[in-house]
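Database features, via Swiss-Prot:
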- His22, His105, Tyr189: Cu(2+) binding site (BINDING)
- His178, Gln187: O2 binding site (BINDING)
- Cys75-Cys192: disulfide bond (DISULFID)
- Cys116-Cys120: disulfide bond (DISULFID)
- Asn78: N-linked glycosylation site (CARBOHYD)
- Asn152: N-linked glycosylation site (CARBOHYD)
- Asn266: N-linked glycosylation site (CARBOHYD)
- 1-21: signal peptide (SIGNAL)
Amino acid sequence: MRSTIVATFAAGLVVASLVAAHGIVTDIEIDGEWYTSSLVFEDPYKIPIPERISWSFFGSGNSPVADFTTRDIVCNGNASAAALVAEVDAGAEITFYWDTWPESHKGPVMTYLANCGSDCRTVDPGALFYFKIDHAGLEDGEWISDQIIANNLSYTITIPEDIAPGNYLIRHELLALHLASDELGAQFYPMCANLRISGSGIINPTGVQFPGAYKMDDPGILVNIYNDIDTYTIPGPPPYNSDSEFSDDDFESVAEISAASVSVFNSSDFIASTLTKSYSALASVYTKPSTSDFKLKKSFSLSSVSVPDGSSDNFDCNVNG
């Protein structure tokens with residue numbers, strides 16, 4: 001009887017310690033400016049409740065989202081919209097600081113952006129489309145979660161320089177895989193914050209929706225990390241890469257191009273070549289879907305071309321979608 005009580009007590013201590021060790025983001029540094037994140041164990045008891053840039057999930061505490069097929073996977077359980085918005089320039093760095101993270105909770109980190117339209121404070125986060133801007137997992141036998149612990153419980157990402165300005169929801173999460181060998185054993189720790197991104201970019205990458213982006217049998221979600229694995233597939237789409245405009249063959253335009261002016265030499269072959277190479281200059285919006293083919297979604301035709309005599313002149317053309 002005594003041994004049963006001792007065993008039960010020990011198991012309770014293990015569970016309690018694991019619950020206490022679950023982490024949340026407590027601070028966010030945005031281009032050198034600090035913001036306190038929503039504090040699930042403090043803010044609900046303050047009068048008035050502090051306004052934050054991060055969405056609150058007071059009812060969930062620091063517990064993980066186990067069932068990623070529910071709306072809880074978007075911004076955590078019973079998430080409520082944040083009242084404030086942080087201003088940030090495209091190309092700036094954002095650092096997320098966690099309060100704690102147990103060494104046993106090995107796994108990847110992932111960060112997404114979603115364009116909210118007019119206002120992130122009134123949007124339904126489950127209706128948005130999220131494009132990944134950063135992720136890290138297992139590299140050279142070391143999990144990124146261990147690096148986060150070693151780096152003062154912090155992780156830094158960079159806002160892509162070429163994305164279009166606007167209101168964005170940033171979604172940041174750690175995924176713990178210590179129980180991921182069982183279905184729904186993977187533990188997600190997502191959070192969201194409101195951003196207003198400034199810049200001169202024109203890119204609107206395609207995205208995925210939550211729930212829906214992750215599947216039960218994804219190799220990065222249903223996985224036994226104790227099998228001495230050498231490689232690990234991070235869940236979700238690949239991160240958007242600003243540098244891959246001409247190196248990757250997977251851009252697809254959704255822009256409607258009405259007119260353009262291109263400087264060319266007096267050569268019909270050069271005109272055709274320049275129109276092809278100058279496609280990026282003509283389009284106002286790009287998206288980057290998960291396809292291996294470079295496609296122009298909007299077909300276009302030259303309605304008029306006038307090239308005066310001379311070695312180098314301008315011509316005007318109308319590009320019709």
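In case you wondered, yes, glycine gets a Cβ from its N, Cα and C as well.
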In three-state terms from DSSP, label Gln187 (O2 binding site) for me.
strand
Running the recorded positions Cys75, Asn78, Cys116, Cys120, Asn152, His178 through a 10 angstrom C-alpha radius around Tyr189 (Cu(2+) binding site) leaves Cys75
Tell me the coarse DSSP state (helix, strand, coil) of Cys116 (disulfide bond).
strand
Candidates Asn78, Asn152, Gln187: member of the recorded positions with the richest Cβ shell (10 Å):
Gln187
I need the least crowded one of these disulfide-bonded residues (Cys116, Cys120), counting other C-beta atoms within 10 angstroms of each C-beta.
Cys116
Tertiary neighbours of His178 (O2 binding site) (same chain, Cβ under 8 Å, six or more apart):
Ser104, His105, Lys106, Gly107, Gln187, Ile225
Please tell me which one of the recorded positions listed here (His22, Cys116, Cys120, Cys192) sits closest to Asn78 (N-linked glycosylation site), measuring Cα to Cα?
Cys192
For Cys120 (disulfide bond), the spatially nearest of the recorded positions His22, Cys75, Asn152, Cys192, using Cα atoms, is Cys192
Residue from His22, Asn152, Cys192 whose C-alpha is spatially nearest that of Cys116 (disulfide bond), among the recorded positions:
Cys192
